[in-house]
Amino acid sequence: MLLNVSPNGRIIACLLINLLSSICIVFINKWIYMHYGFPNMTLTLIHFVVTWLGLYICQKMDIFSPKRLPIRKIVLLALSFCGFVAFTNLSLQNNSIGTYQLAKTMTTPVIIIIQTTYYKKTFSTKIKLTLVPITLGVILNSYYDVRFNLLGTVFATLGVLVTSLYQVWVGAKQHELQVNSMQLLYYQAPLSSAFLLAIIPFSEPLSGDGGIFGPWSLAALATVLFSGVIAFLVNLSIYWIIGNTSPVTYNMFGHFKFCITLVGGYLLFHDPLSLNQALGILCTLAGILSYTHFKLVEPEDGKNRLAQRP
């Protein structure tokens, strides 16, 4: 893998892998929805299975050591894992890439509300004020998006809510069970796959056009499998970056990917962009940068860091 490369070389390699895979997964999933009409939950199931297989190979290569966990303690986490991936994919399927990407930024305000309300965490006034431009920018973009639709908004909203719960629960479970992200995901992925496998027959057709066992072309199946491999690379590279770089590097790199994904959506899929939408994007980006700056200069940054954006 990257074992014979210098530490700095591994960090650079992982940053590049994360950059390419994080951007690629958004575009390739959008391509699958637009050109093949592949069922959403089945695609999510394939991502889970490929991720688990990838982690299985990683633990066989001694990249991490699995830790036995009681299934009953991660059932809700596995269900929320299903929900956040499925709803964010449905948001991507029914929204423009710009609206999809901006909607994801609402995860930060929602997590702050959850942690303030249920976990009694406190945040500085500066941090709370940065949520104003983030929220305002998302509202501006959605209002002036000519492809705005109610179904896409519902899926985006559900995606934000479930993703926020998932991220809060992940932190709590890691602390409670004394495991790292890869050890937790190693048990989450197959359990989440089992839940989806039980739901899919009732939510998506099994045969015919658009069905799981429909007449898919070899190109469609190859693209879907490729998206699963990319999804695994996204997860794996995130763990490498978090473990080997500073918060500044990780957060600033996240903003870089955010901007490239937005620009790529308008260039590759010809998403329309009005002046008011552009102002909304800039407003959201200003809020995100301010949030990151204040979190990094606060002494409790390491303890209170909330959300990690892919």
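Residue numbering: from 1, along the chain as shown.
Quick reminder: no glycine exception, Cβ is built from N, Cα and C everywhere.
Here's what TrEMBL has on this protein:
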- 12-32: transmembrane segment (TRANSMEM)
- 20-291: domain 'Sugar phosphate transporter' (DOMAIN)
- 38-58: transmembrane segment (TRANSMEM)
- 70-91: transmembrane segment (TRANSMEM)
- 150-172: transmembrane segment (TRANSMEM)
- 184-203: transmembrane segment (TRANSMEM)
- 215-241: transmembrane segment (TRANSMEM)
- 248-269: transmembrane segment (TRANSMEM)
- 275-294: transmembrane segment (TRANSMEM)
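The transmembrane segment (70-91) and the transmembrane segment (184-203) are in contact, since at least 3 Cβ pairs between them lie under 8 Å (pairs 6 or more apart in sequence). Counting same-chain residues at least six beyond the ends of the transmembrane segment (150-172), those with a Cβ under 8 angstroms from any Cβ of the stretch are 76-77, 80-81, 83-84, 87-88, 90-91, 93-95, 99-100, 103-104, 106-107, 110-111, 114-115, 119, 142, 181, 184, 306-308.
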